Every structure is written in structure tokens, then in C-alpha cells.
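What Swiss-Prot records for this protein:
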REGION    1-55  region 'Disordered'
MOD_RES   Ala2  N-acetylalanine
MOD_RES   Ser8  phosphoserine
DOMAIN    61-156  domain 'RAMA'
BINDING   Ser113, Ser115, Trp135  DNA binding site
REGION    163-217  region 'Disordered'
MOD_RES   Ser168  phosphoserine
MOD_RES   Ser171  phosphoserine
MOTIF     335-348  motif 'JAMM motif'
BINDING   His335, His337, Asp348  Zn(2+) binding site
Amino acid sequence: MAAPESLSPGATAEEAPEEDEDDAEAEDPERGTGSGGRSGSLGGSGGGTAGPGMALGGALTRRAVTLRVLLKDELLEPGEGVLSIYYLGRKFTGDLQLDGRIVWQETGQVFNSPSAWATHCKKLVNPAKKSGCGWASVKYKGQKLDKYKAAWLRRHQLHMPVATADESPTSEGEEEELLLEEEEEDVLAGVSSEDKGHRPPGKGSLEPEATPPGKRMDKVPVPIRYCMLGSRDSARNPHTLVEVTSFAAINKFQPFNVAVSSNVLFLLDFHCHLTRSEVVGYLGGRWDINNQMLTVLRAFPCRSRLGDTDTAATVEEEIYQVLFLRGLSLVGWYHSHPHSPAVPSLQDIDAQMEYQLRLQGSSNGFQPCLALLCSPYYSGNPGPESKICPFWVMPPPEQRPSDYGIPMDVEMAYVQDSFLTNDVLQEMVMLAEFYKGAPDLVKFQEAWSPEHTYLDKLKMSLASRTPKDQGMCHVLEQVCSVLKQGS
């Protein structure tokens, strides 16, 4: 699909569609007009600026309320990054200048009005977009601009009913779109429709409510659907989470079968529980090309920090040696989202696509690469058990090569091992020692819930992945004891 044609900010009526805000700039009472100006629009005569009585007498409409007017009356203050637009998963940030113009931070383009900027940005994401309410789409320090316009009108046009002043200047057909955009913003902010319905009534203030002292307000990212992504965009947040798609939903069959050992999930889950930071590891197994069966037999935790490239190289070399000695192949990788949903981010999707191509190599035969994503502490998990998401990335359609890869949900067969192997127990001991005393180590003696500690939570999650033979449970208790002491 061809890139949308570049728009000249504020140059055409299309960029300020519903309010003709560029015309409103000319009507701006704070800018003044010459003898040939449009003073008649303010109810005056001749070339002078309309007096206060005329301006407040009702002739001054919403169209004449510009950013410059709000700045002059100190409802807004100029600043860098104070303006923002959220649209279909994209965030745009702008600077508000002293003269009321908007500078888009990404390109430095200057726009004369909120509608000009909003329409330009939305067309970049959705070329079919024709118009939109700029004052309802653009936010100033987190609050929609139309609220500031309504506040100005209430201040200066006292005869106007409050309900009328609060109405957004939306044209016919735009209300539904604005509702959809608001729903999307709530999704990106992690606000459900149920939470939205239980919000307390507004206080009438234009300033965001302060966070209570000492209370941490973390916004949990909420995944978006793949169809909302569109073409690849470097300005998009790489940590945007994307829902996985089932093969059935696109009328395709999963191209390979997967069987995973319970010991793999046991060790993986244990590793991901240890720290509040993201962890990474590799998966070893075998690929049976005749039966199209991928069997995952071993997990290899990386006992290194994500930023420690020197240690990571040494650890990876050790893992490759063990794989070779055991006659196993590298068949995938795993990592954690400690407090976020177990779905991949855009960064994860690109990484998985790269790993798939690496494992494929120059051979013509197909060899899959599996990704496992574990979320141990996400508040949306239904219980104490970690959520583990297996996924694989399908390349984008040939006609849309610039799109992101499609994260596909992979069905796995679970194979319960007979016992915990010494390799697994040894890895658990080494992991406990590696994270011992680390600042991001989970404090296992603290409360995870009113009834259970974090150590209880770990044990309950591992219980679903234990082998048939429970004879090694005393060793597991020893490992858990080490964790409790170390945290």
C-alpha cells in the first residue's frame, strides 16, 4: 500500500475539517485585524478589534476559541511534550508554542490547529481517515483540549448553560468514532469497561487527580489485536503487546506438532518466579521432519543479566556444549513478562522472527523454532499458576511485506516426566545461588495474597508441573529453603 501523501500543516481546509480552525485563527481576537480584516465576525464594525462587550455578547463562537486564546487567558501553558494523540495503538507527542502553534516532535512539522495535527497524524496510521474532532482527539497534559475550551466558554459566556458548553464540537458521524478512540485509549491504559463504569464522578478540575502519597499506580499494558497494527512504524512503542492469533481463525493448520516435557515447564516456571526482572533461556529438543513433530526436552536458563553481554556469551557457549553432548538441537527460547500478560510484544515478535530465520539457515527444509512466554505475577492470571504462552510468528502477507509478523498461538501436547532429573535440580540450585541477594530478587517470605506468601505461590504454580514420582520433593524443599533465606 502506498504511503499516504504528505500534508502541508494548516494549508488546506481538509486539515481543519469540522471547525475550520485555521479560519478561527484569523478570527482570533488576541491577534487583532487590520482594516481589511475579518472584524465583522466579532460583531464589530470598521477595522478595530471588537470590544469586550461585543465579544462576550454571544457573537464570539466556539470556532474563535483557539489555542492562542487559551494561552493568553492562562488556561494553558506552552511547553515541550505537553500535547499528545493516541490513535490505533500509536502515540504522537507535540510541543505547544507561545503563539499557539503545535510542533510535532517526531518530524518538527508545525501545525496551526489541533484539528490540522490530529488529521495529519491519523492519516499516517489510517489513510482512509477523512476528518476528526481535533479538540477531542488532542490531549493537553492528559486532559482533552475540548474540556479547556468548555472551561473558557463557561468563564466568558456566563449565560451559556453548562451542558451546552461541555458539548464537544463533533460533526455528525464523529461521535461513534470518538467513542471507539476513547475505548482504545482505555485499553492502552489498562482500563476495562467495567473499571470505567465505576470511576468516581469528576470534580470539575482540569488538573489530573494526584496520586496518594506512597501509593504506586502501575498501569498494566493491555494487548491489542494484530489487525490494529497496520504497517511497520518505527515510532510505535516496541513494548506494545499483541494478542496471539489461532490458526483456525485464519483458516490454516498449525504447520508442526509440539510435545513438551513437564520438566521443561517446571524449570522454566521456577526461573521466571525468582526475579521481578525479565529472564531468558533456551529450549533443547529434537525435530522429527518425517512426522513434523517438535519435542522439547530440556530448558537451559541463562544465568546472566540481559545487559551483561560478556557473561551472556559465556553462558550461551556452555549451553551449546551441553546440547551437543546430549545429542539435542536448539529448538527455541523462552523469556518472562513478570507482571504483564503472557503475550508477545512487538519486540518479541521481531526477535522470534529473527530466530526462526536463523534456525532455518540456508537449508530448504522447514525447521520450526518455538517461543515460550511465561507470566508468573500478572494480576490477571486466574490463580497462582503461571500463564505460559507458546507462540510462533507467521510472516506477513506477500502483498504487505512491511507489516509486522503475525504471532500465532501454538497448541502443545504436555508430557509428564517420571521424575525430576539431576540436571533440573542442579539448575535450580545454581539459579537460587545466582539471584541470591540481588536487588530484584522476589522476597519469598512476604505476602503474595492475604492467605499466601510468594513462596507458597511458587510451590502452587510448580505443583501442576511436577513429575509422577514425588520422591525428590525433599530436594525441592531444600531449594525453596535456600530461596527463603536468600530473599
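Note that Cβ sites are derived from N, Cα and C of the backbone, with glycine treated the same way.
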Please list, in sequence order, the residues in the chain of His335 (Zn(2+) binding site) that are at least six apart in sequence and whose C-beta is under 8 Å away from its C-beta.
Glu278, Val279, Val280, Gly281, Asp348, Leu373, Cys374
Report, as numbers and ranges, which residues of the same chain sit near the motif 'JAMM motif' (335-348): CB under 8 Å and 6 or more residues beyond its ends.
218, 220-223, 229, 236-244, 271-272, 275-281, 371, 373-380, 386-389, 391, 404, 407
Where does Trp135 (DNA binding site) sit in the DSSP three-state scheme?
helix
Which residue counts does DSSP yield for the domain 'RAMA' (61-156) in the helix, strand and coil classes, in that order?
37 helix, 26 strand, 33 coil
Would you mind pulling the DSSP three-state label for His335 (Zn(2+) binding site)?
strand
Show, in sequence order, which residues other than His335, His337, Asp348 on the same chain lie with their Cβ within 8 Å of the centre of the Cβ atoms of the Zn(2+) site.
Glu278, Ser336, Pro344, Ser345, Leu373
Ser113 (DNA binding site) and His337 (Zn(2+) binding site), distance between Cα atoms, whole Å:
40
